[in-house]
Amino acid sequence: MSTSSMKSQDSNGLRERINNGSATNDDNMTARCGSEPPSEDFELDKDKKTFGRTPDGTIFTVPQTHDMVSQLLDPRQPKNLSDLIVLVILALHIFALYALPSSLKRPVFAVIFLFWRGCYNVGIGYLLHIQSHHKRIVAWAKKWNLFENPVTGKNPRPWLYQLIKTELETKIPEDYKFEQAPIEYNTWLVFRRVVDLILMCDFTSYCLFAIACGGAPSDEGLVMSTLRWGAGIILVLFNLWVKLDAHRVVKDYAWYWGDFFYLIDQELTFDGVFEMAPHPMYSVGYAGYYGISMMAASYSVLAISIVAHMAQFAFLLVVENPHIDKTYNPPPPRKHQDNPTPSDIDHANALASSKEGLEYSLDSSPTQTPPLNTTQPLAVHNLMGLGNIDLFRITDVSILLLLGYVFLITALTPSTPVYQALFVINAMFWRLWYSVGLGIILDRQSSKKMWTRHFVKYGDSTEEAWRQWKGMYHLSMTMCYASFIAATWKMYSIPSDWAYGLVLLRHVLGAGLVSLQLWTAISIYESLGEFGWFFGDFFFDHAPKLTYSGIYRYLNNPERIIGLAGIWGAVFITGSRAIFCLALLSHTLTLAFLQFVEKPHMQKLYGRNLRSEAGLSKSIKRSLPPQIKKWHGNVDRVLEETGHFVEEFLDAARPKLAAGVSTIFRDTSALFSQYPARLTLTRIAPDLAGYDPRDYSVTIEGTSSDSALHKRTTSKEGITARIPQERMDGFKPLVFEYGAPIKVKWTAPTKHSKADWIGMYMVADNASREVTRIPSAGRWVATVPNEYESSPADQGILVSNRFVSGSKRIDGSTQDYVEGEMIFEGDKLFWTQGVFEFRYHHDGKHNVMAISLPFEIRIPRFDDENSNVNITLDSDNSQSQSLIRSAVEQALLPVVRNCFDRDPDIAPNSVDESFGVLVARDGKYPRRVVHAVHFMFGIEFAPEVVRADGNVRNLAWRICNAKQVLAPYSMSHSKGTNTPDVDGEKA
């Protein structure tokens with residue numbers, strides 16, 4: 001079931017976008033809807049009814065439906081054939097439990113449950129994935145004419161039409177007419193019947209498997225049995241409440257993933273269980289599985305419950321989350337210039353369409369260095385994550401070396417009491433330094449900017465202080481947890497009998513708690529980013545107000561409880577008193593850090609803007625009786641008074657502590673001052689007879705790159721090859737700009753297959769000119785729309801099957817034909833240099849009917865020859881720098897626009913206009929830009945640089961600055977020597 005209600009805060013933007021997009025099609029919309037109610041009646045009815053909107057803008061009334069349990073088991077609800085089929089299948093499951101021998105019940109029902117769980121997570125997941133990305137399920141319904149009235153003669157299966165019509169109208173007696181409902185809604189109704197079967201069989205087979213495995217330990221007492229059954233029943237009841245409350249909030253629309261098919265035109269609610277936990281139906285909504293495992297007292301049931309839960313999380317990450325982000329969390333519109341001049345836009349479009357040459361106006365005043373963001377550091381070279389490890393960075397190398405030492409010492413030393421004590425003491429030291437030492441530094445930074453002042457005193461910038469702090473914090477955190485893991489390993493001994501007592505259960509619980517802490521840490525980092533993770537608001541100006549997103553939507557301080565679940569998991573796994581004391585110390589110090597370091601700083605920055613209660617706290621307090629609420633308020637007062645007392649005590653002792661810390665820093669500073677193969681199936685059409693390749697043709701048009709064409713001959717060739725080539729015909733080689741859209745025009749006989757398609761390939765990738773042997777990798781467009789189930793196949797079609805009569809062939813005969821046009825842009829292009837061609841293929845197969853002329857995509861190198869000013873990038877003259885920077889900006893702007901697909905939402909129209917937000921979200925755009933910059937200027941940047949610079953002017957400034965810095969080490973052609981001539985100086 002979909003958890004789209006969690007994105008309700010973005011639903012207004014969604015409706016505004018849909019309304020704006022459909023405002024120009026009101027007449028067509030009204031015609032499709034049959035009779036849309038007048039505006040006044042529409043507003044009155046809207047309070048009572050729910051209205052849906054299909055992707056093409058059709059508005060319809062969404063009738064009321066009921067959940068699957070009520071439909072199947074409530075005798076008051078109408079029944080039909082599909083209900084009978086589901087009930088019969090469920091009855092067969094129950095019958096099998098009693099019919100099978102005892103030795104076969106467990107394995108058979110384990111296989112049955114895993115089958116239905118696979119149908120759920122893999123089967124339904126696949127269907128939803130292709131529906132979200134390609135509208136494939138609706139396309140199947142259209143292709144098979146499932147909902148086409150047999151009266152039209154287009155439905156080859158009228159019996160199936162009548163069956164589906166009877167099934168759906170029986171279930172929905174009000175506000176629903178099968179013939180008038182949109183195809184998306186009818187398809188969703190059929191889809192949910194399949195979902196009903198899978199979900200009911202999934203849960204039933206799980207319960208039957210638990211019954212087959214159920215039992216009681218032979219040595220279990222009455223008290224333990226009562227506790228086990230009581231806890232299990234509580235978890236099952238809690239699970240039931242979560243499901244019922246979730247269904248109350250999201251209704252059948254989100255329960256059956258309705259937003260994969262259509263959208264409802266109303267406010268999405270956000271309350272109840274959705275304030276308690278993220279994705280409650282997939283997280284806390286599976287508590288009942290563990291309750292049933294406890295009642296069954298079976299590790300087999302627990303194991304299969306964990307497998308099912310993990311599969312459900314995989315379903316969430318792979319299927320639902322991408323769809324939710326795409327549907328309810330679109331990128332915000334790009335910030336355009338306040339007063340963009342028409343000349344800016346015209347100039348940008350002219351540069352993007354054709355580049356005949358560059359002209360630069362001489363300005364006596366040097367161009368100012370573009371101001372970079374100084375309020376917060378640029379997130380370019382992050383520390384966190386395996387993907388950000390950089391062996392050229394001293395912090396990463398130091399951490400890897402220290403981790404290597406910890407691993408070697410842990411592995412090579414015996415687990416004697418002496419070594420165990422040393423490892424525990426080492427872990428205790430790192431925890432004290434991580435919580436107390438860094439806490440004191442942050443407290444001094446918050447009140448007196450101590451850390452920043454130290455670096456400014458020696459001439460460094462605030463960003464240098466920030467980098468050094470991040471390195472220290474990252475190293476301290478890594479060593480804190482590495483030393484704790486090492487101590488845990490030393491105190492751990494592999495059990496000799498896993499079935500003894502609660503040994504296996506302790507390991508399962510411990511592993512679960514460790515996983516919970518890892519998930520919490522990832523969620524915190526995703527919510528806060530690098531800046532928040534390293535307490536950036538202690539060092540830089542803070543935001544005007546706090547935003548609570550991600551895990552902070554439900555908890556104010558996740559680190560307080562679940563953020564330390566892993567250390568208590570280690571206690572369960574080891575069963576060691578020393579690890580218990582270490583975990584207790586860690587938890588206490590973390591709570592103290594939050595209370596005495598982070599909380600005062602946040603109150604000083606944000607004051608009353610701080611949220612008093614999180615979503616989980618609100619949900620729990622609402623469910624408490626009044627007496628407990630009153631007692632809770634008294635406890636809060638006592639804790640607050642105790643906190644004030646401790647703060648006063650620390651204020652009195654702070655001067656002595658500060659003096660001691662200063663001494664440690666001074667002594668430490670003095671000490672350190674001394675010291676792939678892929679299988680491809682090629683489909684060949686058997687019906688090529690009667691199709692003449694001479695009747696097909698493919699021609700192309702694109703944005704020519706004349707500067708790249710003129711640079712084919714350089715001084716690197718022999719003397720004869722340096723002479724300009726004299727052509728014997730009027731042919732001009734096709735050289736196009738990097739990333740510029742390419743228009744393809746094709747002709748074909750009138751009887752050509754509607755499934756024909758055109759793909760883009762590298763010339764060197766295909767040895768055969770008759771059959772294409774490699775896949776197109778998505779770089780293809782159909783010649784006729786709506787012939788393929790994949791919607792990207794139609795993206796790019798401009799003209800299709802336009803009839804042309806009387807074409808004269810080479811043999812003198814005339815013949816009618818059809819023609820079409822399509823455009824290849826964005827992901828349908830190769831984002832690299834090379835020689836390419838377009839191939840026209842027959843009938844959805846790989847038989848080639850026509851091939852375009854080969855064309856080249858090149859990135860022209862920026863040097864003195866493509867600039868009208870006689871200067872170099874490494875010039876020291878200020879006026880020269882101004883001129884060359886302007887030249888770089890103008891050369892870079894059309895390339896950046898091409899790299900951003902010339903999308904008006906993200907591509908800039910001028911050098912000062914900021915990039916769209918999607919550039920920061922989708923890494924392909926920055927990677928395209930840095931690839932082009934590398935070939936244009938010989939400078940290699942990381943993609944994060946493009947995100948951080950934010951516009952063409954900043955990027956051009958960075959390129960010029962990098963060229964100046966790297967000039968002495970450049971090996972490119974230059975007008976002078978790059979290094980001084982020592983002998984010449986001596987002479």
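Glycine residues also receive a Cβ, built from the backbone N, Cα and C atoms like all the rest.
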E169 / M822 share membrane side in Swiss-Prot: no
Region pair the transmembrane segment (108-128) / the transmembrane segment (299-319), three or more CB pairs under 8 Å: yes
Residue counts (helix, strand, coil, in that order) that DSSP gives for the topological domain 'Cytoplasmic' (415-421): 5 helix, 0 strand, 2 coil
Cβ-Cβ under 8 Å with the transmembrane segment (194-214): same-chain residues at least 6 beyond its ends: 68, 71-72, 82, 85-86, 89-90, 93-94, 96-97, 105-106, 109-110, 112-113, 116-117, 119-120, 123-124, 256, 289, 292-293, 295-298, 300-301, 304-305, 308
Tertiary contacts of the topological domain 'Lumenal' (443-483) (same chain, 6+ residues out, Cβ under 8 Å): 377, 383-384, 394-395, 398-399, 402-403, 406, 423, 426-427, 429-431, 433-434, 437, 530, 534-536, 538-540, 596-597, 600-601, 604, 658
Stretch among 272-292, 299-319, 422-442, 484-504, 508-528 sharing the most Cβ pairs under 8 Å with the transmembrane segment (394-414): 484-504
Model confidence over the topological domain 'Cytoplasmic' (293-298), averaged pLDDT: 91
Long-range environment of the topological domain 'Cytoplasmic' (293-298) - Cβ separation under 8 angstroms, sequence gap at least 6: 210-211, 213-217, 220, 228-229, 231-233, 235-236, 305
Beyond the flanks of the transmembrane segment (508-528) by at least 6 residues, Cβ under 8 Å: 278, 302, 306, 384, 549-552, 558-559, 562-573
The topological domain 'Cytoplasmic' (215-221) - residue tally per DSSP class, helix then strand then coil: 0 helix, 0 strand, 7 coil
